[in-house]
Amino acid sequence: MPFTLPESKIAIDIDFDPDHLRQRFEADKQARERKDQLAQFQGLDDVLEVDDSDPFSEPITREPVTEELDALVLGGGFGGLTAGAYLTQNGVENFRLVEYGGDFGGTWYWNRYPGVQCDIESHIYMPLLEETGYVPSQRYADGSEIFEHAQRIGRHYGLYDRTYFQTRATHARWDEQIQRWEVTTDRGDRFVTRVLLRSNGALTKPQLPKVPGIGDFEGKIFHTSRWDYGYTGGSAAGDLAHLRDKRVAVVGTGATGVQVVPYLAQDAKELVVVQRTPSVVQPRNNRKTDPEWVASLTPGWQYERHDNFNGIISGHEVEGNLVDDGWTHLFPELTGQHLVDVPVGELPEGDQALVAELADMNLLMSAHARVDSIVTDPATADGLKPWFGYMCKRPCFNDEYLEAFNRPNVTLAASPAGIDGITSSGIVVAGTHYEVDCIIFATGFETGSGPAGIYGYDVIGREGHSMQEYFSEGARTFHGFFTHGFPNFVELGMSQTAYYVNFVYMLDRKARHAARLVRHLLDSGIGTFEPTAEAEADWVAEVRRSNEPREAYWGACTPGYYNGQGEVSKAVFRDVYNSSEIDFWNMIEAWWNSGRFEGLVFEPARDAVPVA
């Protein structure tokens, strides 16, 4: 249908009615809104009926330790691993890592469900490839290969000898007298460290919906991050032979559900897919890594690939498209430039916003068309179509998910209200009772309750100030790293740092920055570093300003973790700096090169004080 931009009067050819879509989006949002918002979920460890123990490693027995350190890293996922790697590269030797899991890997240690893969090309997702001499075997690596790479990094940099596994931090307190952090653990350990680096990860604490009757179910229940292969048989590659006589319900159709459904559909006697909100699912087009391409690689190839990918999704001019994936095609399309014959940036501001909205809708219609082209049952196809802005939820890329709904043993149980309840023999969705032997929750992780709530410990800074309280209205940092009143503390997560889609690239860059600062502290006789209150406030204001356009978008979205389940003030991305990653890291590099460390205050090291 022809559509005319109101200010510039430029005609656009689209095949959908924007007003109809807006109305449908609002109806979908209202159907899924809940008064309890984030409170609708509970931690896996709060549900006694569902096992939260580690199914992958035998318990480690050891005595408590007391150590004095230059640096302590909390977390052994890719954030902690890259921190350890760059500390080592910078000649820092007296450091340790503390990790809750039984090995390195973080989310890749815990998530070993069938079909688990990354949704970012593995050649730019997996860090330190050149440094460790490894090239992934396929475009989108399986979780097992990513986990093995985490182990490879640990071995390469000697981090196994520096790490305490199956250990949780329980408390961190700044001691002003000795200019050190004191950190205790659930093992009775006591670490006294000059610098504390936190990299506990965004996907740390599994969550379940608060469903009545969960304790009444007499069958098997588990979360995808605690996959029970003893019950299902098989491995992450599939062949779940023990399910061939089982009726299974999988709850959740986000990134995990989309990956695991094809494997359950292949092996379960019956599969019920419980869906509250459908996902956008576009082609993945995975393939093996070309040996000739590997042979052609020259030093610096991974960083060149990073820069090219980030340049495209940030809207920079780059030479070619090295990654050529769903993300690098998606972000240029979101600008809407392909819809008009003039540069979008030259349009009146109102028309620019409208073109972006139409581009978003156009992408969603392409996702609908893909559903219709694959799913043969019209009612099921309609149930699998999302009705919300394309970027309201992280889009998925998979080549087997939609096809699974053509199998006779697969049923879609869709309801905007989610699960009504669980009985002794099954699950109730939209008033229909489904008899099942096993319920698998693919319901993700806590993302919106704040760092202290997720990580299970508080950080106490100067004058007894609690970081949990200090962050009660959102993160407060300088450049996403440092917080006023919490000297020598470095946050390695995504809070208030530029980040689009490649989480591990962000972790890698933050770890490099942090390790340089630790080295500088050790070399310069510095006792403490800490941002000024003014520098922190200015950065928080800049982050808030950058997110104003996104907050308006998320406010119109169906509930999900991007928008805090409708509570936008607690949205996971509210505290991410909405800026080009290239521009952000160029700014950080310029900050270093100036030599002024603007925004930080350094205090000299005091005379050594014995640690009691």
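In case you wondered, yes, glycine gets a Cβ from its N, Cα and C as well.
If you look up Swiss-Prot, you'll see Glu99, Thr107, Trp108, Tyr109, Trp110, Asp119, Tyr125, Ala169 marked as FAD binding site, on the strength of similarity to another entry.
In the three-state DSSP scheme, Arg276 (NADP(+) binding site) falls into the coil class. According to Swiss-Prot, the NADP(+) binding site annotation covers Gln117, Cys118, Asp119, Thr253, Gly254, Ala255, Thr256, Gly257, Val258, Gln259, Arg276, Thr277, Lys393, Arg394, on the basis of similarity to another entry.
Summarising the annotation, Swiss-Prot assigns site 'Transition state stabilizer' to Arg394 and lists similarity to another entry as the type of evidence. In this structure, Arg394 (site 'Transition state stabilizer') belongs to neither helix nor strand by DSSP; it is coil.
In this structure the C-alpha atoms belonging to Ala169 (FAD binding site) and Val258 (NADP(+) binding site) are separated by 33 Å. Binding-site extent for FAD: residues Glu99, Thr107, Trp108, Tyr109, Trp110, Asp119, Tyr125, Ala169, maximum pairwise Cα distance 30 Å (rounded to the nearest whole number). The NADP(+) site in the record is lined by Gln117, Cys118, Asp119, Thr253, Gly254, Ala255, Thr256, Gly257, Val258, Gln259, Arg276, Thr277, Lys393, Arg394, and its two most distant CA atoms lie 23 Å apart. Candidate recorded positions: Trp110, Tyr125, Arg394. Nearest to Val258 (NADP(+) binding site) by Cα distance: Arg394. Recorded residues Glu99 (FAD binding site) and Lys393 (NADP(+) binding site) have their alpha carbons 30 Å apart, per Cα-Cα distance. Same-chain residues at least 6 positions away in sequence with a Cβ under 8 Å from that of Thr256 (NADP(+) binding site) are, in sequence order, Asn111, Tyr113, Val116, Thr224, Ala442, Gly444.
In the shown protein chains, 22 other C-beta atoms lie within 10 A of the C-beta of Gln117 (NADP(+) binding site). Reduced to three states, the DSSP call for Gly254 (NADP(+) binding site) is coil.
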